[in-house]
Amino acid sequence: MDLVDPSQSAAAAAGTQTVKDEVSEKCQKLFQDFLEEFRGSDGELKYQSDAEELIRPERNTLLVSFIDLEQFNQQLATTIQEEFYRVYPYLCRAVKAFARDHGNVPQNKEFYVAFQDLPTRHKIRELTTPRIGSLLRISGQVVRTHPVHPELVSGTFLCLDCQTLVRDVEQQFKYTQPSICRNPVCANRRRFMLDTNKSRFVDFQKVRIQETQAELPRGSIPRSVEVILRAEAVESCQAGDRCDFTGSLIVVPDISQLATPGVRAETSARVGGTEGYQAEGVQGLRALGVRDLSYKLVFLACYVCPTNPRFGGKDLHEEDMTAESIKNQMSVKEWEKVFEMSQDKNLYHNLCTSLFPTVHGNDEVKRGILLMLFGGVPKTTMEGTSLRGDINVCIVGDPSTAKSQFLKHVEEFSPRAVYTSGKASSAAGLTAAVVKDEESHEFVIEAGALMLADNGVCCIDEFDKMDTKDQVAIHEAMEQQTISITKAGVKATLNARTSILAAANPVGGRYDRAKSLKQNINLSAPIMSRFDLFFILVDECNEVTDYAIARRIVDLHSRIEESIDRVYTLDEVRRYLLFARQFKPKISKESEDFIVEQYKRLRQRDGTGVTKSAWRITVRQLESMIRLSEGMARMHCSDEVQPKHVKEAFRLLNKSIIRVETPDVNLDQEDEHEAEEEPQEVINGDASVPSGVNGHVNGMNGHAEEPNAATPKPSLRLNFAEYKRISNLLVLQLRKMEDEDETSQRKSELINWYLKEIESEIDSEEELVTRKQIIDKVVHRLVHYDQILIELTQTGLKGTGDEEVPKEEDPYLVVNPNYILED
């Protein structure tokens, strides 16, 4: 071999003896026999075709299955596993000899071997010194990647004294010169020059991986380790990927520690004191090796593969995917299952139940999240403007309505998902941070949650608890799907093509149906408009629903396996999802007209003010409808968006808007509360009758003073839009009177003014009585429930209580100074 001979001849010339590693050489011979002789299940020589591939200039690594090696020779497999770092160079020589036998490869080309299918997987925190040098498989999430650069692995040095070439000086992960010139008559130990043309370099990349949450012991913080990738393994993983790394644990000098300024620790045998022998020995042991013994553990990986591969084989980049390439990656059985799923008439429902088997109800939310996973089609206009295809979903709801469960399910299911909490996330943690590299001392970009979830889903819990300045940081990522950074001398625009699934709690803990959506959640208008779907989950008391949910929870606790009913397994859903996402459905003319028609309906209804409790309908909602329609078409593996897909998209969008519409206002609600709190007054027949209109109410409902007659009395309800209209009229009138006359109006005066305003609408005396009753109760609600109006009573001494009673029945009314009139 040209690798060994020069050093051996030089060693022989120098009069030194080279020690042969018999175990490694035997492994080399047996491993070459394995490559030559091993046959696959089809009877063909398995690795011969792979060796022929190595002729290509970009290929230099032969991938070997460890299971095949165990079948061929168990003892060889055990030796390689235990002594991997020792025998690795000899295995590479065996691959080189094998490649030369089966192909016309260049003489000076280096080859490497990589192992896959190792039976056991180790955790990062199990990487301790006893495992150094053995073949291991570890898994973790990539959190930082460094750029690829050339690494000197074997140097050729020129002696500056005698011009002798010293070849194949192995570099121990730092610049290493020969210890002495190999010319026997030259004693040079320092003056060497590297000959870069005759030295060997290899691609080198450093990545940092971190423990995943599933592997984390209780009460521990995630450990991280640096992984060194070489040759073909470089650029095989990106920040955010969860990967398996096969290789060995090694010890390398800590360059950053060696580079720190400090005095080199030296040992000396000094003689001092009254008696010389007392002070003999090494002095300064405390400082010994402070610089020299700075080493750290790193993982040298020869093979990288995704932890949860989309199929049994290689992972595919989303840009390179076609139906044919995906089909080729699947087995016949897997492809038949995908085809069977695409023909399923009830696919929509079955996918929802398979994804969220432990969550009862909330079918609309499940459908929205399912369409988010399929996504729309990203587009680029002629001007170069990008239109996002990812769908953003926000779930707003009361506590204990399974919001976080949805987020956790998506994080576990999606191959590329990041889960984070809003309160514990900063702007840099969500987007990207600029940090200083320990070794090069240059500024590098460290990926945040949105970058880690590129081409995936970012789940943000407690979205409403985020600080405003941190919410602003994700404006750009949610619409333009990029992150722009200009700090610390680094200017970059990064991709964040991610769907955002957010969960938020309403203000005050409970969703108030009497208020609009934007009043219920602590989010700015720009953020709200960037969400395609809003789902409101209200914890309502319903005997049937409560029983079903309780039964489901108890079933899950008692019979976990039996109660989870999945139509498809998660792997089947993942496979189908990836296959369906490569479709790029186009909108047909019929669907286009239908989308425009539905958008007009939404806009007109928004203009009438009926849905003031929903957010504003803008062009973004039109784009949302298009994305949802494309997601529906993708789910059914259709190349064209059909009207039925638009119909379902409109229904979902409409549902998320209508869902927040307020029910009719119960004007008798306060009377019912009073009846519960003051049972004595109900018996007397006074509590259920509002003050000021006793005569009319008694005239309308018969004998209201009888307790039995009051019980079946139907509650008086008013449409919410009508209620808001009346309240706005009253507020405007009171403010007008305050501005003009600087005086307040009494309650009776305000009621009379309102009745006079609607005089043309009243046809009979009965209707007048009803309208008076309604306006009286509206004023009562505005004062005591909504606190929009304030009653001003005449102040006086406690002893004059009898004189104040008639004035309190007709108090002055003013508008609460903190109240802002809605448009």
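Keep in mind that glycine also has a Cβ here, set from the backbone N, Cα and C atoms.
As recorded in Swiss-Prot, the features of this protein are as follows:
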BINDING   GLY397, ASP398, PRO399, SER400, THR401, ALA402, LYS403, SER404  ATP binding site
COMPBIAS  667-680  compositional bias 'Acidic residues'
COMPBIAS  692-702  compositional bias 'Low complexity'
DOMAIN    347-554  domain 'MCM'
REGION    666-713  region 'Disordered'
MOTIF     529-532  motif 'Arginine finger'
ZN_FING   159-186  zinc finger
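Within the set of binding-site residues (SER400, THR401, SER404), the lowest number of other Cβ atoms found within 10 Å of a Cβ is recorded at SER400. Mapped onto three states, the DSSP output places SER404 (ATP binding site) in helix. Cβ neighbours of GLY397 (ATP binding site) (same chain, under 8 Å, six or more residues apart in sequence): LYS403, ALA503, ASN505, PRO506, TYR511, PHE535, ILE536, LEU537, VAL538, ASP539.
Listed binding-site residues: ASP398, PRO399, ALA402, LYS403; maximum Cβ neighbour count within 10 Å falls on LYS403. Taking the centre of the Cβ atoms of GLY397, ASP398, PRO399, SER400, THR401, ALA402, LYS403, SER404 as the ATP site, the nearby residues of that chain (Cβ within 8 Å, site residues left out) are ALA503, ASN505, LEU537, ASP539. In this model, the zinc finger (159-186) carries an average pLDDT of 84.
DSSP gives ASP398 (ATP binding site) a coil state; it is part of no helix or strand.
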